[in-house]
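The annotation domain 'Amino acid transporter transmembrane' is assigned in TrEMBL to 62-456. Marked as transmembrane segment by TrEMBL: 81-110, 153-176, 188-207, 219-236, 248-271, 283-304, 336-358, 370-391, 397-421, 433-456.
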Amino acid sequence: MVNVVDSGSKHAPQEMEQFLPGEGKVMYKIQPRKSDTEQALAGNDFDPFALRDNPHPTTDSETLTHLLKASLGTGILGMPFAFMCSGLVMGIFATILTAFICTHCSYVLVKCGHKLYYRTRRTKMTFAEIAESAFQKGPKWCRGFAPVAKFSILFGLFLTYFGTCSVYTVIVASNFEQLISHWTGSPVSLRMLICIMLVPLILIAWVPNLKYLAPVSMVANVFMGLGLGITFYYLVQDLPSVEERDSVVWSTLPQFFSITIFAMEAIGVVMPLENNMKTPRSFLGICGVLSQGMSGVTLIYMLLGFLGYLRYGSKTGESITLNLPIEEWPAQTVKVLISLAVYCTFGLQFFVCLEILWDGIKEKCKKRPTLVNYVLRTVLVTAAVVLAVAVPTIGPFMGLIGAFCFSILGLIFPVVIELIVHWESGFGKYNWILWKNAVITLCGIGALVFGTQAAIKDIVKAYSSNENVGE
């Protein structure tokens, strides 16, 4: 890009200036191309972060709390089983690699969003809006795909997170069903417990925004931390030698990546968190909120996976809580704490669904927006509970949807957006962005294939066991 600079003083002509027209009064010189941010600020001082209007912005610590809760879901309980599929040594390096890829894709999405803020003169965007704007501002051949990209992301996010809300309902009810049956000695209806949870879930869904939801996420982190702490207590008892466990397992390594990616992935909450921040620039960077949160999550995942597989070996359950002795009260406490943590997390997962639907109808509800918003919240929660009551075995099906959606939304879409955003400015030295994104796309395709395969096996296993019980 050539920038014209008016030089007030005379000086000896430089090599490039000798070949440019001029009469001595106006001098021209070649300057490096400025970034989108620098150009926007130089032109009209447009700063999307200063102009962002958030009635209830979240601080960095509150955003970090939400991020930790979004990433430390029930998937962490499957990490010991994942390590059994990879081996102790391979599990450590594979967990770091998976965390790096997932974090990088989230970083890429937010970074592209910041670039597009200046290009579109907007102060905030959702995941779908970033994709739409990237395609609209990209090369001519991709502009017609902008509506398709937006709809695909909205549909995928809503399907995944609405299903997750239903699964969370089943998880909480199932844990309490086991405990109540153990305490009373008589069976309890799972569907009845799910129905009882309707009112508590509506109450947590009525929390108006992420600012007020931060204390709930903090409580959820405390519950999850206590539950994991007691779990670690069981894991460090009578640990065998490391030599008794496999160090590297190649045959089931794809299953490891399938479990770990879908346990760590939180692409749906990244932009809602960034959009509600008081200081959005703090989300990125080496010591930013995203890096801090994912670094802590990765360490916890590795530690639980390593100790869990080391402790139980080939007997490691698909959820580490299955290995805990249900007759002992500390193990029962773990189930209660994790159930409460999942309940508190429901509000954060629900916020993604709410934001998608509310953005689509809020322009038509200007007369009584608050009333309509809370009616929408109530209807959504009721629908999630009805789905859980109708299909209590929804978990394996959501594994299939998650394998399809998270691999595409969490890994493939962010790098496609980055390629389009950098289409005109270039892909860096030796086209390193292009090659890097090609590798990530292959990882996404692998996660899609192996994740889908594992989910289908879970569906077959679930319904086979149900048929055997019926017989």
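Quick reminder: no glycine exception, Cβ is built from N, Cα and C everywhere.
All TrEMBL annotations are machine predictions without curation.
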The transmembrane segment (219-236) in contact with the transmembrane segment (336-358), cutoff 8 A, at least 3 CB pairs, sep 6+:
yes
Within the same chain, where does the transmembrane segment (370-391) have neighbours whose Cβ lies under 8 angstroms from its own Cβ atoms, ignoring anything closer than 6 residues to its ends? I mean 6 or more beyond.
162-163, 165-167, 169-170, 173, 191, 194-195, 197-198, 201-202, 205-206, 350, 353-354, 357-358, 361-362, 397
May I ask for the residues of the chain that lie six or more residues beyond the transmembrane segment (397-421) and have a Cβ under 8 Å from a Cβ within it?
101-102, 105-106, 108-109, 111-112, 115-116, 127, 130-131, 134-135, 137-139, 142, 149, 153, 156-157, 159-160, 163-164, 166-167, 258, 261-262, 265, 267-268, 391, 427, 433-434, 436-437, 440-441, 443-445, 447-448, 451-452, 454-456, 458-459
Given the cut-off of 8 Å on Cβ pairs that are 6 or more apart in sequence, determine whether the transmembrane segment (283-304) and the transmembrane segment (153-176) share at least 3 such pairs.
no
Which stretch, 81-110, 153-176, 188-207, 248-271, tops the Cβ pairs under 8 Å count with the transmembrane segment (336-358)?
153-176
Give the one range among 81-110, 153-176, 248-271 whose Cβ atoms make the most pairs under 8 Å with those of the transmembrane segment (188-207).
153-176
In the same chain, who gets a Cβ under 8 Å from the transmembrane segment (248-271) while lying at least 6 residues past its ends?
66-67, 70-71, 73, 75-76, 78-79, 81-87, 89-91, 94-95, 98-99, 102, 105-106, 109-110, 113, 125-127, 130, 157, 160-161, 290, 294, 297-298, 301, 348-349, 351-352, 399, 402-403, 406-407, 409-411, 414, 446-447, 450-451, 453-454
